[in-house]
């Protein structure tokens, strides 16, 4: 069995798309296991750039194709838009598989997301308003509409009518908003069901069969561990489990079928939206990192908050997700800096701690304790091997590995697939 689960080890936007693209060239099957179209990644293929929110990168190269599994919530309009864009560019999409157990994001989920965020006022969490949270809410309430329902017009009509009665009561009586029309939604979405039906199957069987044959299976995690609904900075989190355990359940496989958990991290830290961020920079250094690295959200376009590398948060991610290898991205950003800082612990009301508190109040009171390292002058974007990196850059990478207790297996020195230095092949771990 050869399998890798790629997980974001920070607050998302760590460069998972690049690493999954890099590993996807040698993977036999690529699987998306959680989240929805709130998570964007950019893939460069055959000289063209593709911005994807739902379809895994394996659609481009993997022998067995790409899977959208049961843990994903699917906006069929977004999905079909991505499929159309791929097909217009000559990409074969026939090898896409969609789980019959995945839940569907409905128009009322998007409206509910918007209304609830507006009603929260100062307590809003910065949702992307794509309906992700309300869809997972309905899933947990056991009233959600799944792919297998959408492709059965009779079942779909029954479940839509049941849900819309309740949503319209909520919209009109609580939020003072207009009701939504059954016929309009049904006619639009039943057509979506017809168009995606050919891709639908029991993806749990498909993925497990591939693992049984010892195919190389790449599981593409979305968001980041610090956005996990249980282990992240609650309530400023996503609505799904982004840890490796969530990838297992979201793919319909046993947890012991994931061989390597590859944590993706930047040489610094970023976050989009509200929520605690102990190492955040509010000075020229933060602005400099943001400008050099073009730190703006793939989906939202919002400027990302920037801070120094936080080893406390990463050790937390290691513990709860079982990370046993690291891919360190954007090392090239620090060329020309005088110094780099790594947060090694927190000061919480005069006490040094090395763990990430659950209490939001405690996290906000934490002050980072830094270790300072010298940066390097050289441009490293052309480095092809470990030996090509300056000694100071090597020292920084080694220190990250020492502090976190995780071996660094790849180092990224630029956005292109070729700008990836492999210290150890993740498929051989």
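Note: Cβ is positioned from N, Cα and C throughout, glycine not excepted.
Feature list (source: Swiss-Prot):
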BINDING   12-18, 40-42, 304, 330-332, 412-414  GTP binding site
ACT_SITE  13  active site, proton acceptor
BINDING   13, 14, 15, 16, 38, 39, 40, 41, 128, 142, 223, 302  IMP binding site
BINDING   13, 40  Mg(2+) binding site
ACT_SITE  41  active site, proton donor
BINDING   298, 299, 300, 301, 302, 303, 304  substrate binding site
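Everything Swiss-Prot records as a feature, shown here on the structure.
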residue: 18; record: GTP binding site; Cβ contacts under 8 Å, 6 or more apart: 329, 412, 415, 417, 420
residue: 223; record: IMP binding site; Cβ contacts under 8 Å, 6 or more apart: 8, 12, 34, 35, 38, 39, 238, 240, 242
residue: 302; record: substrate binding site; Cβ contacts under 8 Å, 6 or more apart: 272, 273, 296
residue: 304; record: substrate binding site; Cβ contacts under 8 Å, 6 or more apart: 13, 270, 271, 272, 290, 295, 296, 297
residue: 331; record: GTP binding site; Cβ contacts under 8 Å, 6 or more apart: 267, 380, 389, 393, 396, 397, 411, 412, 413
Just to verify: the residue among 12, 15, 40, 301 with the fewest other Cβ atoms within 10 Å, which of the binding-site residues is it? 301
Counting only other Cβ atoms and using a 10 Å cut-off, which of the recorded positions 41, 42, 128, 413 scores lowest? 42
Counting every protein chain present, what is the number of Cβ atoms, excluding its own, within 10 Å of the Cβ of residue 303 (substrate binding site)? 13
By a simple count, how many Cβ atoms lie within 10 Å of the Cβ of residue 38 (IMP binding site), its own Cβ left out? 25
Including all protein chains shown, what's the count of other C-beta atoms within 10 A of the C-beta of the residue listed as 'active site, proton acceptor'? 25
Hey, how far is residue 128 (IMP binding site) from the residue listed as 'active site, proton donor', Cα to Cα, in Å? 15
In whole Å, note down how far the CA of residue 301 (substrate binding site) lies from the CA of residue 42 (GTP binding site). 13
Compared by Cα position, which of the binding-site residues 15, 301, 303 is the closest one to the residue listed as 'active site, proton donor'? 15
Find the one among the binding-site residues 40, 301, 303 whose C-alpha lies closest to that of residue 15 (GTP binding site). 40
